[in-house]
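Feature list (source: Swiss-Prot):
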type	residues	note
MOD_RES	Met1	N-acetylmethionine
MOD_RES	Thr3	phosphothreonine
DOMAIN	30-281	domain 'Protein kinase'
ACT_SITE	Asp149	active site, proton acceptor
MOD_RES	Thr183	phosphothreonine
MOD_RES	Ser265	phosphoserine
REGION	303-332	region 'Disordered'
MOD_RES	Ser320	phosphoserine
MOD_RES	Thr340	phosphothreonine
MOD_RES	Thr367	phosphothreonine
MOD_RES	Thr387	phosphothreonine
MOD_RES	Ser410	phosphoserine
MOD_RES	Ser414	phosphoserine
MOD_RES	Tyr433	phosphotyrosine
Amino acid sequence: METVQLRNPPRRQLKKLDEDSLTKQPEEVFDVLEKLGEGSYGSVYKAIHKETGQIVAIKQVPVESDLQEIIKEISIMQQCDSHHVVKYYGSYFKNTDLWIVMEYCGAGSVSDIIRLRNKTLTEDEIATILQSTLKGLEYLHFMRKIHRDIKAGNILLNTEGHAKLADFGVAGQLTDTMAKRNTVIGTPFWMAPEVIQEIGYNCVADIWSLGITAIEMAEGKPPYADIHPMRAIFMIPTNPPPTFRKPELWSDNFTDFVKQCLVKSPEQRATATQLLQHPFVKSAKGVSILRDLINEAMDVKLKRQESQQREVDQDDEENSEEDEMDSGTMVRAVGDEMGTVRVASTMTDGANTMIEHDDTLPSQLGTMVINAEDEEEEGTMKRRDETMQPAKPSFLEYFEQKEKENQINSFGKSIPGPLQNSSDWKVPQDGDYEFLKSWTVEDLQKRLLALDPMMEQEIEEIRQKYQSKRQPILDAIEAKKRRQQNF
């Protein structure tokens, strides 16, 4: 796929989308080829610019996402003009999505390459990547910008081996009147101590993250990766700076470079400009040293895609045969009380409906998600098929709501003393339910029966409160969409 791109170079270089292109629908300007993966706030797709033939990356972001953060990312990319930072070409509104058109880096992220090859990087490879990354950070920091999420997953390589900084979803701008920021943003294992402690931080917070990234490239994962992220957040500020698991495997120059990055006091930590003069970085070899590992990773990815396609084709054939056998058989849907019927099938619901691209490669050490126990394993998407549920008439909902209200009111009147006091209905703060032992079975049953309608009422109040906050935001977005089609 990439060899075709090299044999057929773009007819001219795309620098920025012109006004004529930006007033068209994005499908008129681009052909979307495939999904590349997930970034902060949206999905990323590979596409081709029809006029020039240039490959680009398009991030599609739902407008329900944090629009302020999306606009911040666009603003930062617009202001940047560096070979070491991913370029921004333009943006579109399409239905409920914002399309952000960016530079395409064909080799993917450094973490993608490590996982595809199932190998960590050599010192020479790390030095070359760090040199380009430091040039990108030097540029950002000169512009008074902090990236705040430096890690191998946010360092992209093009097919020639040039490293570029990407994913500015959490980047921040420093001003003269706000020399240090006080917000905790980033990925836990890569966070600088001062970021976690919220004591204010500046551009050298990125340097700490770069030191952790250097260890990540050398060992395959950052320090503390084997413990819970919340525990790591407490350990990073209190423990001494992390080092290599086996320091004897690495040169003195590399060890010293990491040591210079991982200084706990930000005032004593080296800057990007200073680290570009470090012997480990100054002795870095050219980008040609990265071509072998890039080609190896792309070969692995291509083979996996071909294998997946064969499995899909085989499944399609099997499903086609099953559809022929099952056609015309109608059964009642499980839990369907309104008489709706559906076609019976031996296929399980949702089988083979989502192909997980290997180039997506979700990092196990990525952005922290709390309370994610309900997520399916191996990236499986859990689908809720609302079309199978029978529509409930509005009059039925009205009577059900009235019945719940009557139940709540009647409980307050009919239940005996122990239950009439509203304070008794609250969950005891100390978790002590001993008082229930003195109640009769009838009292307990009435209390149990009252919980469901009370819960429904509380949920409805929360829903209305959420809607009252959400609607003005949606109205503002709609107003902006009507006033302008693009940025």
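Just so it is clear, glycine is given a Cβ too, placed from its N, Cα and C backbone atoms.
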Other C-beta atoms that fall within 10 angstroms of the C-beta of Ser265 (phosphoserine): 9
The residue listed as 'active site, proton acceptor' CB neighbourhood, other CB atoms within 10 A: 24
Rounded Cα-Cα span from Ser265 (phosphoserine) to Asp149 (active site, proton acceptor), Å: 19
Average model confidence [pLDDT] within the domain 'Protein kinase' (30-281): 87
